[in-house]
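S.K.: This is the structure I want to talk about, given as C-alpha cells.
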Ligand code: KG4
Ligand code: ZN
C-alpha cells in the first residue's frame with residue numbers, strides 16, 4: 001500500500017511517500033521538502049502569512065517531484081497534518097490533500113503533526129516501545145508519554161511561553177546573529193565558556209518540581225536575562241564575549257531540557273527517550289541527553305536530522321501506522337485545528 005503524506009504546519013512544505021507492507025514494515029519512497037525559511041529571515045521568525053503563501057506556491061512542484069521520485073501515479077491514501085500549527089499554513093496542505101484524495105478517489109487521513117514527529121522513530125531500527133518524546137522546535141516544546149506509534153499520547157509537560165527554538169531565534173536576534181538562531185549559537189557556543197554567566201533555569205527550583213509545573217518549561221525569563229546582561233554591559237561600556245553568552249545561554253536551555261526529559265522517563269518508567277524537532281540537532285542537547293540517559297539506564301533515540309525537522313514522511317508514517325492498526329479514513333469535511341491536542345492522533349469526522 002502506498003501512502004502519501006503532506007506537511008504544511010509551519011514553514012516547511014513537505015511531501016513524503018511510504019510503502020506499507022502487510023507486516024507493517026515501512027519503506028520511504030520519496031521525501032521532498034521546500035522551506036520558506038529564507039523569506040522569514042529578515043523578520044527574525046516565521047511570519048504566518050508569508051508561510052501560507054509559500055506553501056501555496058511550493059505544494060504542486062513538491063508534490064510532482066515526490067510522485068516522480070517514488071515512481072507513483074496515484075497513491076492508495078493521502079494524508080495531511082490537520083494540527084497543531086499555523087492556521088493558514090495548515091489549511092493549504094489539508095485542502096490540497098482533500099482535493100487530491102477526491103480527484104484520485106482514494107481515502108483521506110487528517111492526522112496530528114506531533115504524532116508524526118514520534119512516528120519517524122519506527123522508520124529506523126526497532127519499533128518504538130513505551131517511551132518519552134522530547135519534541136523541541138521553533139513551534140513546539142513538549143514532553144509526551146508514548147505507549148506506541150499511532151496511539152493517543154499523553155502530554156506530560158509543555159512550554160508556558162516561548163518554544164525552545166524560538167528562544168534560540170530571539171536570543172540570536174538580540175545578539176545580531178541572524179535567523180535561524182539555533183545553528184549559529186550552537187557553533188559559537190563551542191568556542192565559549194558555558195560557566196561564564198549563570199543564566200536562570202526556568203521552572204527548575206525545588207518548589208517548581210514539587211508543583212504542577214514539574215514537567216513544564218519556561219524560556220522567556222532566560223531570554224530576558226540575556227537581554228539584561230547585554231544591556232548592562234553596554235551601559236557599563238564593557239565588551240561582552242558573544243561565544244560566552246551563547247555557551248552560557250545554550251547550557252541553561254539544554255540543562256533544563258535534558259534534566260526534565262530524564263525526570264519524565266523516570267516518573268513514567270519509560271526506558272527510551274526519543275528526541276524530535278529542529279532543536280534535536282543541537283550538539284550540546286544531544287551530548288547532555290546521552291550522558292544523562294546512560295547514567296539513568298535509558299536508551300536515547302535521535303532519528304536522522306532530515307526526519308527530526310518537519311517533513312511529509314512523518315505524516316505518511318503516522319498514517320501508515322494508523323492504517324496498519326485498522327483505522328478508517330477521515331471525512332473530507334474535517335477541518336484543521338491549530339491547537340489540536342496530542343491525545344487526538346487523527347480527526348475522523350467533520
Ligand atoms: O523543526 P524545525 O525545522 O521547524 C519548526 O520550528 O517547526 O525547527 C526549527 C528550529 C529553529 O528555531 C532553529 O533555530 C532550531 O530549530 N534549530 C536549532 C539548531 N538547529 C535548528 N536549535 C538549536 N541548535 C541547533 N543546532
Ligand atoms: Zn514540527
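From the backbone N, Cα and C atoms, a Cβ is placed for every residue, glycine too.
What TrEMBL records for this protein is below:
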type: BINDING; residues: 113, 117, 310; note: Fe cation binding site
type: BINDING; residues: 135, 136, 137, 138, 139, 169, 182, 186, 282; note: substrate binding site
type: DOMAIN; residues: 27-316; note: domain 'Gcp-like'
S.K.: Taking the Cβ of each of the binding-site residues and counting other Cβ atoms inside 10 Å, which one has the highest number: 113, 117?
M.R.: 117
S.K.: Taking every protein chain in this structure into account, which of the binding-site residues 137, 282 has the most other Cβ atoms within 10 Å of its Cβ?
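M.R.: It comes out as 282.
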S.K.: Roughly how many Å lie between the Cα atoms of residue 113 (Fe cation binding site) and residue 139 (substrate binding site), rounded to a whole value?
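M.R.: A Cα-Cα distance of 11 Å.
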S.K.: Could you tell me the C-alpha distance between residue 310 (Fe cation binding site) and residue 137 (substrate binding site) in angstrom, no decimals?
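M.R.: The separation of the Cα atoms works out to 9 Å.
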S.K.: Please list, in sequence order, every residue of the chain apart from 113, 117, 310 whose Cβ lies within 8 Å of the Cβ centroid of the Fe cation site.
M.R.: 7, 9, 10, 81, 114, 116, 135, 137, 140, 276, 277, 311, 314, 315
S.K.: Return the members of 135, 182, 282 (the binding-site residues) with CB less than 6 angstroms from at least one atom of ligand 2, or none.
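M.R.: The qualifying binding-site residues: none of them.
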S.K.: Among 117, 137, 182, the binding-site residues in the record, which have a C-beta under 6 A from ligand 1?
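M.R.: Only 137, 182 qualify.
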S.K.: To see if you understand the setup: which same-chain residues, six or more apart in sequence, place their Cβ under 8 Å from that of residue 182 (substrate binding site)?
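M.R.: The list for residue 182 (substrate binding site) reads 165, 168, 169, 172, 278, 279, 281, 282, given in order along the sequence.
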S.K.: Do you know which of the binding-site residues 139, 310 has the most other C-beta atoms within 10 angstroms of its C-beta?
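M.R.: Sorting the candidates by Cβ neighbours within 10 Å, the top entry is 310.
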